[in-house]
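Have a look at the structure below, then the notes.
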Amino acid sequence: MLKRASFVEVDTASLRHNFSAVKSIVPKDACVMAVVKANAYGAGAIKASEIFLQEGANYLGVATLDEALELRSHFSKTPILILGYSPNANASMLVDNDLSAMIFSLEQAEVFSQMALKSQKRLKVHIKIDTGMHRLGLEPNFKSIETIKKIRALKGLEIEGIFTHLSNADAKIKTHAKNQMKAFNAFLEQLLDQKIEFQYRHAYNSAGILSLCNGNENRLLNLYRPGIMLYGFYPSNGMKESCPTILKNVISLKAQIVQIRSVKKGEFIGYGEHFYTNEETLVGVLALGYADGLMRALGNRIQVAINNQLAPLIGKVCMDQCFVKLNNIQAKEGDEVILFGDKSAKANDASEIXALLNTIAYETISTLSKRLERVYI
């Protein structure tokens, strides 16, 4: 039984389909790291991870220690990589929970080494290389080769992987992404010349998987990191139009009408006088607000699906509630409203919502609050 009259519906068949789409694109002998950061982009990290592991994922990727610990409590043996920065103070928890960490400096590696030795354990690390994102990482040059040699000499560390991140592989013209891969491959080859090898070599996110697996840029890669495509979205609308791979929507945001009331002409609905009733108006109240992840700016800007009919979201979205106009809509209290997700029910999908707000589907779904229950179908 639901604890609230609003929830996130997650289509598990679509999760499986999208993972299969990844497997159909990457090389047959490749490993796959399912990226489940930000609560699996809103889908629920535990259940999504369980499904991806059942479908053949070799690794799970997250952004923070807390995300990794949540997964570790459910998956005791599964490899988990924290792709984001791990503060030195977290070193002991990384070691104690058998988590893999991203590193990008000798100083960080030395701290992790000391903590691993103190615990009489080994900490797995993946070295980040900056090939053009200019966010985190060692630069692919001779100095970094010397740094990697010093890191490899540290006791207590298992240098499991090396990786980079593509910043613009969803662009129509792939010059920058290909230049990044050219730099990464050249660096890997220089390391090989020095007899430095890694169990895992990875670079391709969803955009890379969808657009760069047909060339030879990935010839040295053996691990792939799908993220947004697992949840049914293409990294950009342009890529959706040009990509033959079919992805299926996973996430729908739903709520029930908890009260219907008639408001006379000449009244304001909600905070701030943002919707004026120029006629007698039938208003449905939903127990869903911006604290749940329904962005406040969507008030007076979208239509929602109710019984295969479209009704406007009116007034400003409140922290915990919002309003729909039900004039000429067949609806009753308790009926389900789809804020976004299921296109077959006439609802907007998350990418359309994002376009209205000059953002992306990633933000629309990953900001869905944990206080919303996830209902898996």
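Even glycines carry a Cβ here, placed using N, Cα and C.
Pulled from Swiss-Prot:
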ACT_SITE  Lys37  active site, proton acceptor
ACT_SITE  Tyr271  active site, proton acceptor
BINDING   Arg135, Met319  substrate binding site
MOD_RES   Lys37  N6-(pyridoxal phosphate)lysine
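Annotated features taken from Swiss-Prot, shown on the structure.
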{"residue": "Lys37", "record": "active site, proton acceptor", "Cβ within 10 Å": "19"}
{"residue": "Arg135", "record": "substrate binding site", "Cβ within 10 Å": "11"}
{"residue": "Tyr271", "record": "active site, proton acceptor", "Cβ within 10 Å": "14"}
{"residue": "Met319", "record": "substrate binding site", "Cβ within 10 Å": "11"}
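Across the structure, Tyr271 (active site, proton acceptor) and Lys37 (active site, proton acceptor) are spaced 34 Å apart at their Cα atoms. Met319 (substrate binding site) sits 25 Å from Lys37 (active site, proton acceptor), taking the Cα positions as reference. Counting in whole angstrom, Arg135 (substrate binding site) lies 18 from Lys37 (active site, proton acceptor) by their C-alpha atoms. According to DSSP, Met319 (substrate binding site) is assigned to coil rather than to any helix or strand.
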